[in-house]
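Working notes for the structure below.
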Amino acid sequence: MPNQPLPSGLPIIAARAADSHKGTFGRALLVGGSVGMPGSISLSGQACLKGGAGLVTLAVPDAIINTVANFEPSYMTWALPTDRTGRIPLHAKARLNEKLHSSDCLAIGPGLGQTRGLFHLVSHLYETFSKPMVIDADGLNLLAQRDDSLAGHAGPRVVTPHLGEFRRLVGKPHLSMEDARDMAVDVAGNQQVVVVLKGPQTLVTDGHRHWHNPTGNPGLATGGTGDVLTGLITALLAQSLDVYEAALLAVYLHGLAADLAIRETTQSGLTASGLLTFLEEAWRDYESRRDLPST
Ligand SMILES: NC(=O)C1=CN([C@@H]2O[C@H](COP(=O)(O)OP(=O)(O)OC[C@H]3O[C@@H](n4cnc5c(N)ncnc54)[C@H](O)[C@@H]3O)[C@@H](O)[C@H]2O)[C@@H](O)CC1
Ligand SMILES: Nc1ncnc2c1ncn2[C@@H]1O[C@H](COP(=O)(O)OP(=O)(O)O)[C@@H](O)[C@H]1O
Ligand SMILES: [Mg+2]
């Protein structure tokens, strides 16, 4: 990989200016987690930091906040109430709003769980938050329960379904990956969202453009690697890339980290937390190649 130009079409992030500070790289807010799933939102938060966001805050149910905080000292936490099922209740909206005002972008979904209250909360955020937003995992499963799953959003949106989640979003339980790829382009164009259809050669599309990702390997087929991707996309949104560019570069770096990881470990041995440690190598590879002429 080193000394080969980056693939054409890949967004270029300039080197950091000498006078830059954490505010330069944006404030990201990530909402998720529930009792039994504190790890997923932490993986997203750690990936968001390693993706270069300036300030990262995780809004999680107060029942798991100490666990989440203990995973990583570099992000902040924001306590939301916990309902009887261990999840975020609808009345967390007011507390969340306090934080939304000072956030440049939002991610919601990893480890969230699904309840009626969360359906209304996710729908509300999707329909009212005017800045860039990533919706993943249970956030997608909840949007899938709306009459028109992806309609009526208030700002730039990235949705990151795997095939199972995409089938739910479009209400077609038996859709093949091939047909899902065609449909993802249509859905993205019609609903004016960026769709990241995850799997081997993840598809990124805004309906007009599309990218088949060349990086990644089956070592990624392990719980939590999608949560890492969500954090990485959010980091690039915090750094002001547009939704298509952020999704594309994040998917590329995520797969590249996995490719670099399996040189030192194995596909079977790769874990989501192990993947995090290779994001730095992926950035190093990207930075060493970005000034070469593109193919
Ligand atoms: N450490 C953690 O706390 C983790 C929490 N997770 C959370 O667990 C919740 C459920 O996520 P899941 O993705 O497991 O839920 P899903 O209900 O979407 O996936 C469940 C099943 O769908 C099928 N499936 C998954 N990927 C597929 C694909 N690409 N093509 C076809 N079928 C596929 C598989 O049989 C899988 O077991 C989410 O909130 C998620 O964030 C997961 O991210 C795993 C790690
Ligand atoms: N066989 C594979 N080849 C390449 N990438 C894969 C493969 N299987 C899974 N992935 C990648 O791993 C990630 C899995 O995401 P997801 O299913 O949401 O996991 P989780 O919800 O457990 O975090 C996606 O980025 C997907 O593209
Ligand atoms: Mg997932």
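Each residue, glycine too, has its Cβ placed from N, Cα and C.
The shown structure was predicted, so the numbers you read here are calculated from the model rather than taken from an experiment.
In TrEMBL, the AMP site is described by Lys198, Gly199, Pro200, Gln201, Thr202, and among Gly171, Gly224, Gly226 the residue recorded at this site is Gly226.
What TrEMBL records for the (6S)-NADPHX site is Gly111, His162, and among Asp19, Asp227, Asp242 the residue it adds there is Asp227. Residues Gly199, Thr202, taken from the binding-site residues Gly199, Gln201, Thr202, are distinguished by a CB atom under 6 angstroms from ligand 2. In the three-state DSSP assignment, the secondary structure recorded for Pro200 (AMP binding site) is coil. Closest to Gly111 ((6S)-NADPHX binding site) in space, going by CA atoms and restricting to the binding-site residues Gly199, Pro200, Gln201, Thr202, is Gly199. With respect to their backbone Cα atoms, His162 ((6S)-NADPHX binding site) and Lys198 (AMP binding site) stand 5 Å from each other. Apart from Gly111, His162, Asp227, the (6S)-NADPHX site neighbourhood in this chain, defined by C-beta within 8 angstroms of the site C-beta centre, holds Ser40, Ser44, Gly109, Pro110, Asp136, Ala137, Gly223, Gly224, Gly226, Thr230. In this structure the alpha carbons, written CA, of Thr202 (AMP binding site) and Asp227 ((6S)-NADPHX binding site) are 15 Å apart.
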